[in-house]
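Quick look at what Swiss-Prot annotates:
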type	residues	note
COMPBIAS	10-25	compositional bias 'Basic and acidic residues'
REGION	1-32	region 'Disordered'
TRANSMEM	77-97	transmembrane segment
TRANSMEM	110-130	transmembrane segment
TRANSMEM	176-196	transmembrane segment
TRANSMEM	211-231	transmembrane segment
TRANSMEM	232-252	transmembrane segment
ZN_FING	307-348	zinc finger
Amino acid sequence: MSSYSSDSTAARDQHAPLLRPRHDGSFSSSSSSARPTALAVLLGRITGHRAPSMLVRETAARALEERRIDWGYSKPVVAADILWNAALVLASAVMLVGTVEERPNEPIRVWICVYGLQCLFHVVLVWSEYWRRNSTRRARDLESYDHEDYNIEYDYEQDSDDNSTTYSFVKRCESINTVISFIWWIIGFYWVVEGGDKLLGEAPNLYWLSVIFLAIDVFFAVFCVVLACLVGIALCCCLPCIIALLYAVAGTEGVSEAELGVLPLYKFKAFHSNEKNITGPGKMVPIPINGLCLATERTLLAEDADCCICLSSYEDGAELHALPCNHHFHSTCIVKWLKMRATCPLCKYNILKGTTDQS
């Protein structure tokens, strides 16, 4: 683990948070973030990186999942999702009404009807979750405003627990609907193939509508699988790209430039300073900020002289930042991370609150 080799425990107790502790009432859009995501667990099993770097990648995977869910329930995406599925429901209804004279040799009409009902159920789930998120956000903002006026402490933990329960129920319903849709797709594919030319001749409109629905599902399934593979490869091989992406879409969860200026800044000096571009055991020499030296010189062991974000060893002269929890990283790497999330990527220590994020 990238930690200082001397007096790390005592130094941790002496460090105070950059800012005084504050209540954070923001409810994470992903209530399941308290548990490792499937992608994070998979990364932990298939990659060969050592433990600290794997922790960073699992944290990045959870952050990416939270961003994905937040983006998935944004107004434009929800509107597009509802309109798309509503169009499928409308197409199913119009086709079922307009083809009453067709007599297919397979129960393809039943398949189209159930397919439309599944789309409608998906619309209900998406809208209910979107409405719940907006209602919770408005209620929380109003409660926070009122409680600030009257110095009343708001029970954010209870609010988060209630929302987690509701979110879990919606997720279970969506998962069940996805499984049923997959099974129903297989049944529809079988009926279309079994019907063959006879189905095409007796009910051409129903046949082609079924083929279109099946093709749409295949397209989205392939797209999601390819996207998940690309994200997994990026997390394993190019974490800085993921951090840059998260930083580009980050909200207000990170730290400001003024808060970053409080962090101790070091320059790594290899023990064999007469050789250039050498990596390995060395020491962290503090760099004065505004004429003040905020830290003391630290010695690093060989296994600690690398950055767990970019997986690169510290080169002689590299600038490093150290967090109050004693973990250290390349300055450029950790600055991008902290602007996205105000927690240590290894131990989840929140540099604003002075506490460890248990999620």
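Even glycines carry a Cβ here, placed using N, Cα and C.
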For the transmembrane segment (176-196), sequence-distant contacts whose Cβ falls under 8 Å of one of its Cβ atoms, 6 or more beyond its ends: 104-108, 111, 114-115, 118, 121-122, 125, 207, 210-211, 213-214, 217
DSSP-derived helix, strand and coil totals, residue by residue, for the zinc finger (307-348): 10 helix, 11 strand, 21 coil
